[in-house]
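Undergrad: Here it is, the structure, as structure tokens.
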Amino acid sequence: MTLLLQTIANGVLIGGLYVGIAIGFALAFGVLDVVDFAVGEWVMLGGFLGFYLWQWLGVDPFFLLPVAFLVFGVAGYLLAPLIYRVRSGSYARPALMALAFTFGISLIMRGSTLTLLGFNTRTVTTQVGQQTFMLGQIALPGLRVVAFAFALLVIAAFLIFLYRTRLGLAIRAVAQNRQTAGLMGIDVKRVSAIVYALYAALTGMVGVLMAAIYSVNAEVGIRYTLFAFFVVVLAGLGSISGVLAAGLFLGILEALSAVYVGGSYTYLIVFGVLYLALVVSPHGLLRRGARV
Amino acid sequence: MGAAVPRIALVLLGLAVLASLPFVLDPYWLRIATGILMWAGLACAWNIIGGYAGYISFGHSAFFGIGAYAAGILMGNRYGLPFGVALLVGVVAASVVAALIGWPTLRLRGAYFAIATWAFAEMLLQLANILEITGGTAGLTLPPLLDERFFFYAMLVAAVVTYGASYFLLERSRFGYRLKAVRDSEVAAESLGINTTLVKIQAFVLSAAIPAAFGSIYAYWITFINPTSVLGAYIADQMVVMVLLGGLGHFWGPAIGAVSMYLVNRIIWTEWANTTAYIAILGAVIAAVVLFLPDGLVSLWPGTRRLRLVRALARQMGRLSPRTGTAEEKP
């Protein structure tokens with residue numbers, strides 16, 4: 001029983017970070033109408049940025065999180081116009097072209113990281129959360145608790161921005177219907193760029209935490225791309241509460257399958273559930289499944 | 001292109017040149033030619049579902065891997081079956097799998113289809129890592145056959161069959177028209193009485209059976225396979241890039257894309273002994289093609305399609321107003 005509770009607790013703690021990865025991705029998906037295949041690569045790049053800044057500056061990675069947020073925000077803001085251009089260009093099949101484009105971006109990110117920085121796995125260590133909290137019989141590693149709390153804080157700030165500001169309102173309007181939003185005087189292109197920048201910033205920042213909790217190497221991106229897809233597909237598009245539930249579910253599923261089935265089966269199970277979720281309920285789970 | 005007779009003569013001449021290559025090329029270039037034939041065939045197969053049906057599949061490495069593992073398992077010590085039987089079993093297995101997963105998966109569109117096929121292929125990769133019959137991560141060894149010419153001709157026959165089938169089924173038959181109708185508008189196609197589900201599944205099975213044949217030949221050629229080498233995502237990725245570069249939905253696009261990309265791959269490998277830079281180059285090619293040359297290299301051919309690249313560059317320099325000269329929107 002303790003093992004089960006311990007496993008679930010571990011899953012919940014890591015699931016909070018998966019929510020952090022998927023929530024910006026889900027918003028970018030809704031606003032730009034593009035599935036960004038580079039989502040996991042942003043996490044990977046975030047980990048590397050955290051590692052090198054930590055090495056050079058000697059500052060604890062936790063204090064580098066705002067730096068990562070800024071760096072990836074700028075990077076995303078610069079990349080966004082290209083994606084917007086492909087998505088709304090005069091192509092025969094803009095949705096497929098945009099898909100191929102972000103896929104190309106993800107290959108550039110992974111390939112150049114592999115070429116420039118090599119295959120080696122880097123570990124980021126932090127002074128934060130060295131002690132372990134005990135909750136009855138369940139041990140909660142301090143670092144994961146702090147990372148989880150930080151992720152919750154960021155998600156809360158994100159939701160407040162989305163639901164309590166004028167810009168957030170404009171973003172939600174574009175996500176609902178870009179054409180109508182454009183007619184209402186919203187600069188759809190600018191909103192798209194802001195959303196993409198926000199998403200890249202959030203995802204890159206969570207990447208630093210991921211590198212501190214696990215480690216980072218140039219090929220880790222695929223894993224997070226899978227996780228982001230998993231969360232968004234299970235959540236159903238446009239459902240923020242769905243992202244929260246699906247992220248935690250993914251964390252628990254991963255932890256349970258690693259403990260009770262075996263670590264080598266984890267990916268098989270996660271991919272399997274993703275495939276089944278897509279196939280069994282394309283319109284139920286994804287409300288806009290037929291649109292793309 | 002001229003009349004029908006010269007075109008046939010041209011094709012025959014091309015085949016004769018290809019068939020004589022093993023007597024002309026040294027072993028190194030013969031291996032490269034064999035690889036080009038394989039990727040040209042794979043890209044052509046992918047083009048059936050990606051270009052003609054308009055469904056971007058990121059899961060075609062699954063079918064290549066099924067073919068390769070059919071050869072690896074059946075030709076290994078336990079069964080010791082001949083190559084032909086293994087290849088046939090691989091093709092049939094891939095077709096059955098494609099039909100089974102095609103029915104539910106092809107109901108999804110666009111990105112959802114891409115994600116689902118990707119998830120499916122990764123599932124197979126994970127299975128191959130775990131199962132005993134596939135040798136797990138250690139992989140399988142096949143009985144070696146040290147005859148480069150045999151593999152060249154095997155790939156050549158497979159590629160010719162692929163292009164022949166693709167030409168007659170997609171460019172010269174009602175099936176091809178049905179498929180293109182489904183791509184351009186599924187609702188309109190259905191309203192014309194086309195059984196769109198059936199047409200899509202047929203196209204998917206066809207585009208899955210071919211990679212299985214190439215996978216079997218490849219496994220026999222390389223004599224050692226493991227999950228990442230024959231089921232890895234890069235196989236599907238490369239098919240996608242080759243077709244996009246050559247020209248999505250164009251008959252000769254895959255061949256042109258395969259020749260260019262494979263040569264780039266080999267040059268990088270021989271010059272720098274580095275395959276990681278190739279991943280970045282693959283990505284850069286996709287991004288550049290999507291931005292500047294969405295109809296692929298075939299659109300550079302004078303007279304066939306408009307020159308998007310030139311026009312895009314000219315537009316950027318401000319010489320042309322955004323819309324002048326774009327009479328036709330759809331390729």
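Quick reminder: no glycine exception, Cβ is built from N, Cα and C everywhere.
TrEMBL labels come from automatic prediction, so no person has curated them.
The transmembrane segment feature in TrEMBL is assigned to A:12-32, A:39-57, A:63-84, A:96-119, A:139-163, A:193-214, A:226-253, A:265-286.
Just tell me what is around each of these and how deep it sits.
TA: Residues 39, 43, 80, 83-84, 87, 98, 140-141, 144-145, 147-148, 151-152, 154-155, 158, 162, 171, 174-175, 178, 191-192, 195-196, 198-203, 205-206, 209-210, 213, 224, 227-228, 231-232, 235, 237-238, 240, 243-244, 246-252, 254-255 of the same chain, all 6+ positions outside the transmembrane segment (A:12-32), place their C-beta atoms under 8 angstroms from a C-beta of that stretch.
Remote same-chain residues near the transmembrane segment (A:39-57) are listed as 21, 25, 64, 67-68, 71-72, 76, 105-106, 109-110, 113, 117, 122, 124, 200, 203-208, 210-212, 215-229 (criterion: CB distance under 8 Å, separation of at least six residues from the stretch ends).
When Cβ-Cβ distances below 8 Å are used as the criterion, the transmembrane segment (A:139-163) is approached by residues 6, 9-10, 12-14, 16-17, 19-20, 23-24, 27, 62, 65, 126, 128-133, 171-172, 198, 202, 205-206, 209, 212-213, 240, 244 of the same chain, each at least six residues removed from its ends.
Panel annotation: around the transmembrane segment (A:193-214), residues 14, 17, 20-21, 23-25, 27-28, 31-32, 36, 39, 42-51, 61-62, 64-65, 68-77, 79-81, 83-84, 122-126, 143-144, 147, 150-151, 154, 158, 167, 171, 174, 224 of the same chain, lying at least six beyond its termini, place a Cβ under 8 Å from a Cβ of the stretch.
Sequence-distant contacts of the transmembrane segment (A:226-253), counting only residues of its own chain at least 6 positions beyond either end whose CB sits under 8 Å from a CB of the stretch, comprise 7-8, 10-23, 25-26, 29-30, 35, 39-40, 155, 159, 162, 175, 267, 269-271, 273-274, 277-278, 284-288.
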